[in-house]
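Beneath this line is the structure, given in structure tokens, with notes to follow.
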Amino acid sequence: MSGPRAGAAGVAASRLLQGLLLVAALGGLWPGGGPGTAAARKDHCNKTVDVYEDVATPEVTAQNFGKPMTCSYRFRSLRTATRRDGILRIRFKKFKVGTLVNASTCVGGYMQIIDGNAKSDLSNRKEPGEFCGESEQPQTFISETSFVRLLFHTDNFTDQTYLSFDSRAEEAFEVYLRYGQHPELYPNRRGQVLAGTYCERVFRDCKLQTCYVQSPAYPGVYPRHLHCRYQLNTRLPFIKLYIENEEFNIDGHRCENIMTCPMRPISSGSQNCPYDYIRIYDGKNETAPVIGTFCGMGKFPYSIIGTGEDLFVEFVTSPAGPLLNTGFHFNVGNWPGHVEPAGERSGACDWKLTSRALSKSGDSEGIFLSVAHWYPPHTSCTYLIQGEPNQIVRLYFPSFRINRIESPIEPWQGDCGESLTLYDASWPDDSRIIKTFCDTFSRAMEKHDFVSTGNALFVRFESKTGSYSGSSLYYWAHYDFFNNTHFGEPVSGTTCDETFWSWRSRSGVLRSPLNTLIYKQGATTTAPERSSTAAGALVMAARAVAVQQAADQQLAAALPPKDVKCTYRFVTDKRLYARVILNIHSINFKSPPYSSATCGECWSDRVDKLLAWEPQPNATGPSEPPTNSSGGAVCICKNNAYGAIMGGIGPLRMVSQGEELALQLIVDGAGATSSYFKHPGPLFEAQYQFIHGPLCGPTLHRASEEGDFLFPHLEALGYAEPPRDIHCIWELQVHRGRDLWLHFEKVKFPSRNCSDGKIEAYLPGRVQPFLTVCGENETALRTLPILSSKELNVSPEHEPSVTIHFTAATTPARTAFKIEWTQLHHLPRNSDGILMTSKLVEQRQEPQQAQQAQQAQQAQQQDQGGAAVARPDPDQDDYDDDEDDEEPLPPSTPAPTPEPEPDSCGFLCPGDSGLCIAASLVCNGVVNCPNVTALESAAAGLDVADLPSLPPGAFGAGAGGDEDPETCARPASAALSMAAFVCGVAAGAALALVCGGLACWACRSCKRDPLDDIGSVPF
């Protein structure tokens, strides 16, 4: 019989029964009518039931057997003056009516439970649903209101159709499993019911144990034909349903017979839960993404975590079902420890974390956590950590745990169901994988620094299974940025080495590394793993690398910390520049907190220090730092003498002799991290400059009896670029024990301003120059003092020398000068003050005889058909590019004769000064004896212009000088002897001499002094 028809029949039967009851009641007043009427009151239909009363359907009689029957039971109101409205606990002892078809329809009979009425705040009276089937075990229904009515109907009443129950009334808050402890403190623990509904509730600001989400009538059997909606909210993100290990029974049994209807385990998915189910949405309503649909029976295996502050739960039951299932109960809270990264989010879990966003947040390090909320299968969450172009990224995990996948949405049997991959790139480039962590075999790496080589590091989390409650890879990740600006060119394969090339930059500044991460032990860039596009190959490679890195970590932990070493090389080419100047301005080393080293011996002590040295010019590979101060090497630490210079006097300057300088910073590994990691101040500051361009010519002039050089270097004028400024440094070496006389020829400055050109000369070991000349005091060059051997010999380890600097802040146009020098020897004096002329070296030949022998030799060579040795140009004999070549022959030297011993004194210069020169310098066309009278007059304050008109600073051309005509003239006897010898030579030889003489005369008449044209050379 259908529902409407059954209802009509039930109404008619009810009216008939009411009439019969009335007759029976009246009959009870008659004699003999007592016992029968009492039994009828107990088991009749359509009655109001008192609490604690046992109720059962009527007995089967001939009158009702096989007939339709409808019974209605209304429970008496529980409201009294002394107690609030309570609830009813109805225990169904036996129940059997109808048959459940397709788990959604009752055929042959049903029972309805109407909870509430039109006057109550909530009620299901409009769609109460139907219960049918059989239940021999007691089942309990706990009402939501104090108004409950049962409607029992069967189309065919027999002894196989029955209902038996009892009831009792309780205070609502006495139901502990429903309201929990101290329900008076949390009146809205079960949510606020929306008006006009039975089970739609709103939960706001949920915290653990303050919000109970339950099926209606929990912990009893839930009603049928429900559509309940629960709006859940917390203050903080990652709202969590705590249902792990809670009893869950939604459509778990469809009949009581376990053999016929086995228990249905907890399942998910709409296809597995078509009738009764709970559906959870990640948001505020049904339009939000669906997390899952669940049904079945058992302990729920996991909790569910949303991505935000809201979840929407929908509970649906079919119109008909068995009187068996008890529903659900869970708490609501939020997952603690939520941290919002400082960046921009796109989508559910894709982040862009930049250094600018981190700076705006005011934090020094950024934080992001593993995925703590639900996510569907094949999820990919990415983190692009990007700094400025000059920055690098560091990522490390203070906490990292790798667990098995505990709450998968889809099962997975292979490796790497979930993985975390780090890329040294701004996108997931498989060729630049730093590290991959898998849930099946990887080992967590806590507090290990992963450093990018560029300004970006990409992190990707992938899950093939999905999860209801977060990732199996639990990590707490920190990231920060470091300034990786280099002042030079970084050296590949090193931590902080740099090279400064002269063709990249002529000058610049440098300091200790701005990237203080190098001071942290173990903070090295991790080499990318080899990868393949094939998933299997990638997993195998990741497994092998994980094993190797674990072994490397154990080995590194057993070794003592290594010193931090940064080497800076300054390299040039003499075709551009021939020298390097390095000025070290300051050092700021700290005292190690747990070290007793005091820098007593800088080279050997284990302290923070700075080494500077000039590498060997013929070294084929990188120069190793020296172990002592040989070769001019310098070691600077906090407490030694050089450190004191840094602290107070001024910068330390080093000038290279060749084309390379090296500087190395050494920081003791034991205190590097504590002293300098994230310490912004520089450990040292320096400035470099490449100087001595091609126009300067050779840098070194080795010791010789006399020499000269010209600025600008004539051979460089054809190919050298015009410099914007210039700085030349020449070193003139002197034989030990000799004096030195400097004299300048035809000096030309473009103006009187010293910035347009300035010459400075330095003695060894002196900071201040002994000579400074520019356009405004050019006349000072006329009376240069003679430099004594005592002034030149400052150390037995170094050769005596004079250093000459020429600087010009602008293009050195129309600047020219020639510097000449002669080595002098002082004759000692006897006790009476007379010069010891016995010290003069006895020459085998007088100067005149030497000249005659030379002429005779030339004549003999001509007679034999040979060519005479040409006399080198005195103005160009010393301008070869290679400073290591042999010294040119002195002007007017007739033939390559052996040079006298360095301490020889072959010619005594005029005057009483006791100065003498080598015999080879006599009559060579260059004045080598100084004008002692002029020097003494200048010292006495006399005007040098009043002296005889002689070459500046020279007396050699005067009487008795090395270029005196009388000294260089031949005696008459020597001339006759030579003429006789020449007459004996063949006529052809004489003719050749005449032709050669004419040719030489023509060349000399046409030749001009190079200095005359230098001023007009366009740079």
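We count from 1, first residue shown onward.
Using the three backbone atoms N, Cα and C, a Cβ is placed for every residue, glycine included.
What TrEMBL annotates here:
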| type | residues | note |
| --- | --- | --- |
| SIGNAL | 1-31 | signal peptide |
| DOMAIN | 45-172 | domain 'CUB' |
| DOMAIN | 199-335 | domain 'CUB' |
| DOMAIN | 349-478 | domain 'CUB' |
| DOMAIN | 696-824 | domain 'CUB' |
| REGION | 842-904 | region 'Disordered' |
| COMPBIAS | 848-868 | compositional bias 'Low complexity' |
| COMPBIAS | 875-888 | compositional bias 'Acidic residues' |
| COMPBIAS | 889-899 | compositional bias 'Pro residues' |
| TRANSMEM | 978-1001 | transmembrane segment |
Requested in this report: May I have the DSSP-based helix, strand and coil counts for the residues of the domain 'CUB' (696-824)?
Outcome: 20 helix, 53 strand, 56 coil
**Report entry** Leading contact stretch, 45-172, 349-478, 696-824 vs the domain 'CUB' (199-335) - CB distance under 8 Å
**Finding:** 45-172
Query raised in the report: Can you count helix, strand and coil residues in the domain 'CUB' (45-172) using DSSP?
Result: 1 helix, 63 strand, 64 coil
Requested in this report: With DSSP as the reference, give the number of residues of the domain 'CUB' (199-335) in helix, strand and coil.
Outcome: 0 helix, 57 strand, 80 coil
